[in-house]
Amino acid sequence: MKNRGNPRKNSLSVCTERDSKSNLWNSHGDASGFFINCITHLENANIALEQISQLASPDGDTMQRIAAYFTEALADRILKAWPGLHKALNSTKLTLVSEEILVQKLFFELFPFMKVAFVLTNQAIVEAMEGEKMVHIIDLNAAEPAQWIALIQVLSARPEGPPHLRITGVHQQREVLEQMAFKLTEEAEKLDIPFQFNPVVSKLDNLDFEKLRVKTGEALAISSVLQLHSLLASDDELLRKKSPLAPKNLNGIHLPGVLPINQSTLGELLEKDLVNGHSRSPDSATSSPLSLSASAKMDGFVNALWGLTPKLMVITEQDSNHNGSTLMERLLEALYSYAALFDCLESTVPRTLERLKLEKMLFGEEIKNIIACEGAERKERHEKLEKWVQRLDLAGFGNLPLSYYGMLQARRLLQGYGSDGYKIKEENGCVVICWQDRALFSVSAWRCRK
């Protein structure tokens with residue numbers, strides 16, 4: 001990737017420098033102030049969103065793009081007060097598997113974050129599996145073969161010779177696993193490494209651990225990349241089934257059987273949503289930002305991983321608090337972290353159709369899920385590293401510090417991107433990957449405590 005000079009200043013630090021013709025920032029000073037103002041005057045939401053939409057643009061500068069996707073998310077939340085209207089407007093929306101694969105590929109190519117995570121994960125596996133003759137790796141998100149192709153190449157050059165390698169890949173889409181199996185088998189045959197691929201077509205929240213086929217006598221490593229946070233949503237569905245409430249919309253507003261759509265009603269609903277915006281979400285019992293989430297599904301899953309007695313487990317997650325108990329908290333956290341991602345793209349990637357697709361189909365949908373959704377529908381429940389440390393520690397895992405050599409490889413990789421905006425920080429043996437000073441992703445390694 002070409003060096004396009006020093007990275008731009010973080011968008012949120014330059015909001016006051018907007019063009020004088022834009023009223024979007026002038027009276028509020030920064031983006032967070034603007035969106036707070038929009039939420040805290042919800043009786044004027046329709047007018048406010050119309051004004052923002054005129055100033056926002058999905059192909060403009062960083063803050064114009066951020067405004068476009070956050071206003072869309074806020075509008076989507078408001079529309080959910082009328083489920084029929086919301087469903088009608090989204091009835092023809094199609095998401096093709098090929099598009100999902102494409103957008104994940106773009107994320108891998110345009111950012112260094114996953115490459116850094118893969119380098120750190122592979123190095124941890126190589127060090128943990130030194131001298132092992134039977135190695136089994138479970139990939140809980142088997143979507144990118146590049147990681148394991150690189151590992152196969154390293155293992156083939158071991159002084160003691162390569163191990164017998166078995167990779168179990170978990171993914172919802174069979175065709176993704178078929179592509180993975182083909183590419184990894186081809187590489188293993190080329191390097192003459194004994195290799196097996198075990199595909200498991202499944203969502204994470206209903207994974208049958210028996211299908212992982214863990215065998216006695218093999219050294220086991222588990223890799224989870226941006227997956228575990230979604231399990232926090234599953235408990236909301238369980239709680240709702242156990243304690244059914246009166247019909248609600250997704251903002252926690254009780255709706256009568258017939259709701260005439262008029263300005264008065266809209267104003268009343270938005271005023272009620274204002275209260276909800278600062279109070280706990282309907283599912284806040286499982287999403288407290290101040291204490292560890294009481295999540296039966298997550299606890300059961302992590303305990304099941306511990307039961308497999310892996311020699312090593314490496315977890316990569318978004319390092320953001322997008323699982324706060326109030327809408328306002330989630331909105332502000334999301335605003336800052338996604339502004340950093342959009343600013344990163346603006347600083348390092350040309351304005352192409354591929355960049356627009358990535359922002360719309362990945363980041364735009366994540367923002368919408370964080371802001372507009374509640375309950376089991378809200379999957380993007382990203383949490384900070386300290387929460388994962390606490391959760392895994394309680395489950396019986398001990399932190400395994402990532403090695404100096406792994407960190408060295410990661411820093412060299414970032415230097416190759418030609419921008420000093422990318423940084424990695426070490427936190428108690430774990431790694432946090434940043435854009436400027438904003439932490440965006442964390443990588444941590446674990447072992448079973450006896």
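Each Cβ is built from the backbone N, Cα and C atoms, and glycine gets one as well.
Automatic prediction, not curation, is the source of TrEMBL annotations.
TrEMBL tags one of the stretches 193-197, 228-232, 358-362 as motif 'LXXLL motif', and that stretch is 228-232. Among the ranges 179-211, 245-277, 311-343, the one that TrEMBL lists as region 'Leucine repeat II (LRII)' is 179-211. Counting only same-chain residues 6+ beyond the ends of the motif 'VHIID' (135-139), those with a CB under 8 A from a CB of the stretch are 125, 129, 148, 151, 155, 163-170, 212, 214-215, 218-223, 225, 308, 310. As a whole-number mean, the pLDDT of the motif 'VHIID' (135-139) in this prediction is 96. Here the region 'SAW' (372-447) is broken down by DSSP into helix, strand and coil counts: 26 helix, 26 strand, 24 coil.
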